[in-house]
Amino acid sequence: MSTLAPLRLLREPWNASEGNQSNTTVGASSGWCQGLDIPNELFLALGLMSLVENLLVVAAILKNRNLHSPTYYFICCLAVSDMLVSISNLAEMLFMLLLEHGVLVMRPSIVRHMDNVIDMLICSSVVSSLSFLGVIAVDRYITIFYALRYHSIMTLQRAVVTMASVWLASTVSSTVLITYYHSNTILLCLISFFLFMLILMLVLYIHMFALARHHLHSIFSQQKPPTAHHGGSLKGAVTLTILLGVFFICWGPFFFHLILIVTCPTNPFCTCFFSYFNLFLILIICNSVIDPLIYAFRSQELRRTLREVVTCSW
């Protein structure tokens, strides 16, 4: 059973002709083209881990008034998006298991409606997760390069408008995607969105990385002993490298899968790549597990609040 319903619709190219499917089946029947058989238990374990991590982040931010700022609101929204990915994944698995074992008996039309609802929820959470990754990158860029003007640029009102816009756009785009998922135009829009986010984060983080590198170079050129600022610059540069690496590794394979669906749906190599679809889904869920570690848990204030939440020190 596949997970992440709307992504399941993209498992195999719908625009492959029947005449070519026989050739691709032959090409896909040998060697590494067999794909990976990933057990449902792994999806379930990662989903539960992501759910707990992101739920703790949301609880900590809501609890501590010191974290009630645009930066942490964006991190909170990212945690909610990742949490919805996990909840939707778990809900779909439970729904499918109940149907398969005859515990839940429903008419086919109702099953389709339920599946579409889960599809829209997961797709919306995936799009919003990508969007908030970009928003956080922009927020960090403003924090570094416009530190003195940050509070006048990123006001609470603008932060609320940004968050509401992301959620609204994610809901509308997910509805369109589920309705017209057979259209290559829709896939091209989704691919373009990912490439835009990738380029945006790449440009902003490289600029921030260059600034950190410049600070380090200035310190060494003046032959000054290492300072806290020196350590902070180096730590920031390492963090930015991790952010870009994790983003590309977790999201890249899935969107490359979409590119191949549009460009070469019947090519034997592409068909082999399609067989690893569940692995790409695992990477997306892993991203929901990793996000709190690199965006939230690195904050000392948030870690302290998390300890209070875990120990119920309200």
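In case you wondered, yes, glycine gets a Cβ from its N, Cα and C as well.
Going by TrEMBL, these are the annotated features:
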TRANSMEM  42-62  transmembrane segment
DOMAIN    53-295  domain 'G-protein coupled receptors family 1 profile'
TRANSMEM  74-97  transmembrane segment
TRANSMEM  117-138  transmembrane segment
TRANSMEM  159-179  transmembrane segment
TRANSMEM  185-212  transmembrane segment
TRANSMEM  233-261  transmembrane segment
TRANSMEM  273-297  transmembrane segment
Chain residues in Cβ proximity to the transmembrane segment (42-62) (below 8 Å; excluding those fewer than six residues from its ends, i.e. six or more beyond): 3, 68, 72-73, 75-76, 79-80, 82-83, 85-87, 89-90, 93, 281-282, 285-286, 288-289, 291-293, 296-297, 302, 305-306, 308-310
Among 117-138, 185-212, 273-297, stretch most in contact with the transmembrane segment (159-179) (C-beta, under 8 angstroms): 117-138
Cβ contacts the transmembrane segment (74-97)/the transmembrane segment (273-297), at least three under 8 Å, sequence gap 6 or more: yes
Arithmetic mean of per-residue pLDDT over the domain 'G-protein coupled receptors family 1 profile' (53-295): 82
